Amino acid sequence: MTRAILTVNSGSSSLKLGLFSENLDMLAMGHVDRIGRREAAMKLTGADGASLPLSETAPEAFATNAAALETALDAFRADFDALEIVAVGHRIVHGGLKHAAPEKVTAALIKDLARLAPYAPLHQPHNLAGIRAAIDAFPGVPQIACYDTAFHRGHPFVSDVYALPRAYYEKGVRRYGFHGLSYDYIESELARSEPDLHAGRVVVAHLGSGASMCALKGGKSIASSLGFSALDGLPMGTRSGELDPGVVLYLMDQEGMGAAEISDLLYKKSGLLGLSGISNDMRTLEDSDDPHAAQAIAYFAFRIKREIGAMAAALGGLDGIVFCGGIGENSARLRAEVCADMGWLGIDLDAEANAQSARDIGADRVRVMVIPTNEEIIIARAARKVLSL
Ligand code: ADP
């Protein structure tokens, strides 16, 4: 029996499982994409990155995050029955005020984290369902919670606060920022391979179904485009991103909408989907001739561009930009739109390198990089540390 650590990462439209040896060598990865859609598909890859064979699976097996997790765990178990799972690490989107460092899951912790679900409804319930499913699948095995909010908890006050009466800040109405496990990985990768850039001023754009940006100064997060809930900042697949709070008041007063309806609108019907009227999926939008698809992409790119300028100001200059996440890593078109006409800030792209999604795609003073993120290894490292494996 080989002892292994399993990682579970339930995104808003995807599920990623990782399998690592106790020495943190990657043994396998599982990825379910486009959950809830007809095109949903699962891929398992081995340590060498080659695909592992999978039995035919009906789309219903990926109808919900919970179903996709069951299906993926079954596939893992079939392929790796000689492994003893000694820990399961989970990505938890919201740790709130009380939870930052990775910790062992208890019944009380699950209850506590469930209270934060309204602020990340597309993730937190799936994250907790993942914990429950993993407890059932691996009874008695320690489960470790790793928080997406943790990386940003050292924000300076001005990046942590909203200009509301002070009592709300004390109650926890703060800018938590999310995607922290991804930023943690990019930070560790820069520290390992680009120490000079790591010591400088870097904007990281995590662009997936959920999207945000983080300003790194000497490897520390000093600002994030996401705030109190997973709605702020950039538009996302189905989320609005930054919105004048007056719009919410209008929806209540003039359109007679209640909290549940507004939540549904802002989390599930807005963003790329709402603007295009076609899809929340960047690949589908890029393949479409509909002008509304092009407009949705243009708005996304424009908000990222604006945020780069804002973060450069917060950082006191800019040495590098890193693109990551499904869109950041793969969409040459989006990266080109974002970086167009940015020569004033020292940003230009090498068109050929960008078309190939090469690691270095910049052609001016500011380094522009594409670094595939790896939240799984951050979760596995954390689980190993918490359990002193
Ligand atoms: P999640 O937040 O669910 O983890 P991902 O990081 O997997 O999301 O990113 C999903 C997004 O990445 C989708 O909008 C998808 O269309 C986009 N994407 C994936 N591959 C490509 C590609 N080759 N070109 C453009 N967009 C892509």
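Heads up, residue numbers simply count up from 1 along the chain you see.
Even glycines carry a Cβ here, placed using N, Cα and C.
Annotation for D148 (active site, proton donor/acceptor): spatial neighbours R91, I92, V93, H94, G95, F178, H179, G180, L181, criterion Cβ-Cβ under 8 Å with sequence separation of six or more. The active site, proton donor/acceptor annotation in TrEMBL covers D148.
Positions annotated as Mg(2+) binding site by TrEMBL: N9, E375. A helical conformation is recorded for E375 (Mg(2+) binding site) in the three-state DSSP classification. For E375 (Mg(2+) binding site), other Cβ atoms within 10 Å of its Cβ number 25.
Feature annotation from TrEMBL assigns ATP binding site to K16, H206, L207, G208, S209, G210, D281, M282, R283, G326, I327, G328, E329, N330. Annotation note: D281 (ATP binding site) sits in a coil segment as assigned by DSSP.
The annotation substrate binding site is assigned in TrEMBL to R91.
The number of other Cβ atoms within 10 Å of the Cβ belonging to H179 (site 'Transition state stabilizer'), over all protein chains shown, comes to 32. The DSSP secondary structure for H179 (site 'Transition state stabilizer') is coil. Under the heading site 'Transition state stabilizer', TrEMBL lists H179 (among others).
A sphere of 10 angstroms centred on the C-beta of R239 (site 'Transition state stabilizer') encloses 29 other C-beta atoms. DSSP assigns R239 (site 'Transition state stabilizer') to coil, not to a helix or a strand. Summarising the annotation, TrEMBL assigns site 'Transition state stabilizer' to R239 (among others).
Taking K16, H179, L207 as the candidate recorded positions, the subset whose CB lies under 6 angstroms from any atom of ligand 1 is empty. When the binding-site residues K16, R91 are compared by the number of other CB atoms within 10 angstroms of each CB, K16 has the fewest. Counting every protein chain shown, the number of other Cβ atoms lying within 10 Å of the Cβ of D281 (ATP binding site) is 21. S209 (ATP binding site) carries neither a helix nor a strand DSSP state and counts as coil. Straight-line distance linking the Cα atoms of D281 (ATP binding site) and N9 (Mg(2+) binding site), rounded to a whole number, equals 19 Å.
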